[in-house]
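*Asks:* Starting off with a structure, shown below.
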């Protein structure tokens, strides 16, 4: 094994090692999720002990990288977002918005049966992806690569597109009801689709062939998520259960029972150890990925939990509810740290900024709101939409926001 170079990853903090083994170029990552301003030398000693590729001659370089990560982490986030552009994106309401890794392009799905690719800096329409015969509901870039786009439709198919040219590579046929969620695996070799037909399917990106049908649920699959390694997939269903799948074999490893209502969202934390689920039973649950054991039930919402997510470090959980509030919980103590109050109506989407210091929420009151994670104070109200906002995303750097609304427009904020 020969170390070729280091790559720095700011969010979440980590160092990527690019090395040669058996004539092939490979990568592995050293995750520094608990990085603090102190302890550089201890951390360096720890890394050297556990990673044989880091020899004494490379130690100084690694120390410099750790210091750069600490410096980046120490930068205060005072960014105030300004309205940049409103895009009359589609002739019918939007369903979802998603960024590529760099944030230079984003995509919008719509009830008008198309997906559009946009240039973020200028707000220009680069491509219209046409071919679906019904609503385009689930959309994604194959980040971090960003050269492919997957679209899942109510026409029961998923299509794979070239992000550069807008050409359709494959149409994945096999589901017998609407596709409502999808995701690329981290290696961008597979697409997972979840459907109202109670199944999830895995598809080969290269060949367009179906790899596996995942059958464990008795009702619609509403959400799914790969872990960051790509060896496990989690699915959440209308049947109140969550399933953990071994991706290589397509086998259901655990069925997680405990929710008393349909499961609205599922997500792994960065280090793949925990899964968080949100449900219409007004709670979130935290599960061990290896054992499938429920480690905590996060309570406090008075109505359905519509969305839930981890921050990139995996230390915090945010939930959004139909009761008009959002909550931030500790992933270790399971305590509610702050309640975010201010929306007039339900909150359908929630996400952390890459830095983890801000939370973005989308509401039925036609506003998106930016919150301080520590204090729970509302820092900004992003106004301008005339109908419910159901999609909001940060780019990778956390300095651009896209909001998507039922008013058929999306707005870019810098």
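Any Cβ shown, glycine's included, is placed from N, Cα and C.
Keep in mind that TrEMBL annotations are predicted by a computer and have not been checked by a curator.
Per TrEMBL, repeat 'WD' is recorded for 87-128, 129-171, 172-213, 214-255, 256-297, 298-339, 340-381, 382-414.
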*Asks:* Okay, the repeat 'WD' (382-414) and the repeat 'WD' (87-128): do they have at least three CB pairs under 8 Å, pairs separated by 6 or more?
*Replies:* yes
*Asks:* What is the pLDDT of the repeat 'WD' (340-381) when averaged and given as a whole number?
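*Replies:* In the predicted model, the repeat 'WD' (340-381) has a mean pLDDT of 98.
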*Asks:* Could you break down the residues of the repeat 'WD' (129-171) into DSSP helix, strand and coil, giving a count for each?
*Replies:* 0 helix, 22 strand, 21 coil
*Asks:* Report the DSSP secondary-structure composition of the repeat 'WD' (172-213) as helix, strand and coil residue counts.
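*Replies:* Final tally across the stretch: 0 helix, 23 strand, 19 coil.
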